[in-house]
Amino acid sequence: MKQKIAVQVDDLTVAYNYKPVLWDIDLEIPEGVLMAIVGPNGAGKSTLIKSILGILKPIAGSVTIYGKPYKKQRSLVAYVPQKGSVDWDFPTTALDVVMMGTYGSLGWIKRPRQKEKKASLEALEKVGMLAFKSRQISQLSGGQQQRIFLARALVQDASIYFMDEPFQGVDATTEIAIINILKELRKAGKTVVVVHHDLQTVPEYFDWVTFLNVKKIATGPVKDIFNDNNLTKTYGINYKVSVQE
Amino acid sequence: MSNAQLEIQLIASLVAIACAIPGTFLVLRKMAMISDAISHSILPGIVVGFFITQDLNSPLLILLAALTGVITVVLVEYIQKTGLVKEDTAIGLVFPVLFSIGVIMIAKNANDVHLDIDAVLLGELAFAPFDRLLISGIDVGPKSLWVIGVILLITIVLLLAFFKELKLSTFDKGLAASLGFSPVILHYGLMTVSSITTVGSFDAVGAILVVALMIAPAATAYLLTTDLKKMLVLSIIFGVVSAISGYWFAHWLDASISGSITTMLGLLFLIVYLFAPSKGVIAVLYREKQQRIEVSLLTFLLHLKNHDEDNERHVNHLNEHINWQKVRSKTVLDLALRNNMIVIDNKIVSLTPKGDMFTTQAIDYIITNEDTQIEDMKNDFFLFRG
C-alpha cells in the first residue's frame, strides 16, 4: 500500500537578497513519519521549514499540504520555532504562551475561553509543566521553555508538526521527555518533522531523514539512507558515524 | 480650579492614555526609537495638511500627517533591508531629513502660517482651551479635547479587538505568521495607530513630549509587572499621574506644562528603577548580596560534608580553613543555624539531615543543571532563581 503524502515540496528555491539558500528542492514527506532534517550550519534547514509554513516567500516552486496550499491547511499544521527566536522576558506566563497555540483555530478577534484554557492545561500536563502554569516565562529553565513551546504545538492538535531544533540547549531529561512525546505523536498517526543537529541520535530517535545542504542530498528511511556516503555528501568532509545495528 | 485648568488636565490625561497603549507595544517590540522618528517626520505632513485645510485639528490634516509617519517607517525599513546600514542608523537618516523639510516649509511661509518651531517641539497645552469646537454655534469644548478623545476611542476599540493578535505577533512573529495572523498587517496597523496618536497629541504636547508619553510609562510599567494586561494598565496610570502632577508642577513653577510632565515621567521612572520589587536596582543589589552569602553557605556545608575530623569542624578553626573574615563566617553560621542545617555541639559543627540533604541537592543541581529537585528551595534561596 502506498503511503499518503503529507507534505509535497516541488522545485522550491528560496533566496535572501538574491543569494539562494535553498535551491530547487523536491521533497515528499510521507504521512506518519518522524523525520529529521540534517545538514551543516547555513544549509537552509530552518529556511525550508519556514518556506513550507509560508513565513518566507520562495522565489520559485510550490508547497502543498495533503495536496492543497498551506493557506488552506493551516489548521493541520503546528510549528515550534527555535527557542532563541522569541524574547523570553516578554511579560507573560507559561499558560498564556501555550494558549497562543489555540489562536489559530479561534481566528481573528475571538478571544480564548474556558475550552481553550482547558486544552492548554492538558497540554501543559502532557509535557510535565502543569505546576509551572503561572510562572513568568523568563523564570523557566531552557528545557522548561522548550517544553512550553512543545505544549503550545500540542494544543493545536495538528496532523503535521514542524519543529526547529527542539533539543537545542535542553537538559537530558527534557530531551528524553520531548522525544517520547514525538514518538507518541507518530504512534497516533501524526507526521513530525524536526530540524536536528545531533547526528549520533538520528537512528535512535527518527525513522525518516532528509539530508540538506542548499540542495536536497537524500531523503528516505533512516535504515536505508543514513550512511557515511550521504553524510559525506552533505557535510563535505569524510564523515563517519557509528550506526548501532 | 477653573474650567480651563480642568480642560488642560483632561486633554493631557487623554493624550497620556492614547500614547501609553501603542507605546507599550513599541517598547516590547524594541521599537522605542521609531516613535521618535514618527513624531519628528510627521512635521512636513502637518505643514502640507495645514496649507490645504488651514486648520490644525482637521481630520484630513491628521490623516496626511499620519501618512508621513507610516512613510517614515517604510523608508527606515527599506534602507535597513539593503543591509548597508543598521536600523538605528536608518532611523537617524530618515527622520531628520523629513523634519527639516517641514522646518524649511514653515520658515518659507512664516508669514501666512500660524505654526512655529517652538510649538512644534514642545507644544503649548496652555493654549489648547482657547481653540473651541462650535457645533451650530454651541461651544462643546476645546477642539483638541475632541480630537484626542476620538483618537483614544479608536485606539481602545482596536486594542480590545486585536489584543490577542498584537500580543502573539509581538511575542512570536513566526508563529503569528504560520497561524495566519499576518505580522506585516499588524505591524503597519500599530504604526498607523502610533502615527495618528502622535499627530493628534502633537498639537497639544509637541514632538518631544509625545515620545516621552509613549515610551516612559511603558518602560516604567515593564519594571513592575510580568503580565501584559497589567503592563498596559500601569502604563496608563503612570501616564495620567505624570500628566496631572506635571500640570500642577508647571502651575507652581509657572513653567512649560509639557516640560513639567516630561520631568514627572522621568522622576517616576527613576523611582521605579531604584525601588521596583524584583527588577529595581536596589532589589538586584540585595539579591546579589544574598547570592554571595548563599554560595558561602554552600561552600561551608560542603566542607562539613567532606570532613569528619573534629579539628576541621571546630568553630574557631573554620575561619582559617575556609579562609573567611570573622563577619562573613558569623553570617554564614547564623544562616545555617536558622535553617536548621547544622548543629553546634561543644563548638564542633555537624550537618543535620536537612543540611546534608540540602547540600546534596544543591551540588547536584549546580552540576547537572536539572531543577526538578530544587523547585521547593527556589522560594527560600535566591541562588536557585536563575
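Glycine is no exception: its Cβ is also placed from the backbone N, Cα and C atoms.
TrEMBL: automatically predicted annotations, no manual curation.
Computed from a predicted structure; not experimentally measured.
Per TrEMBL, these features apply:
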type	residues	note
TRANSMEM	B:6-28	transmembrane segment
TRANSMEM	B:37-54	transmembrane segment
TRANSMEM	B:60-78	transmembrane segment
TRANSMEM	B:90-107	transmembrane segment
TRANSMEM	B:144-163	transmembrane segment
TRANSMEM	B:175-198	transmembrane segment
TRANSMEM	B:204-224	transmembrane segment
TRANSMEM	B:231-250	transmembrane segment
TRANSMEM	B:256-276	transmembrane segment
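With pairs at least 6 apart in sequence, the transmembrane segment (B:204-224) and the transmembrane segment (B:256-276) have 3 or more Cβ pairs within the 8 Å limit; the two touch. Here the transmembrane segment (B:37-54) lies next to the transmembrane segment (B:60-78) in space: the count of CB pairs under 8 Å, restricted to residues six or more apart, reaches at least 3. Packing against the transmembrane segment (B:231-250) from elsewhere in the chain are residues 5, 8-9, 12-13, 15-17, 19-21, 23-24, 125, 159, 213, 216-218, 220-222, 224-225, 256-257, 259-265, 268: each is 6 or more residues past its ends and has a CB under 8 Å from a CB in it. Using the rule of three or more Cβ pairs under 8 Å, pairs at least 6 apart in sequence, the transmembrane segment (B:204-224) is in contact with the transmembrane segment (B:6-28).
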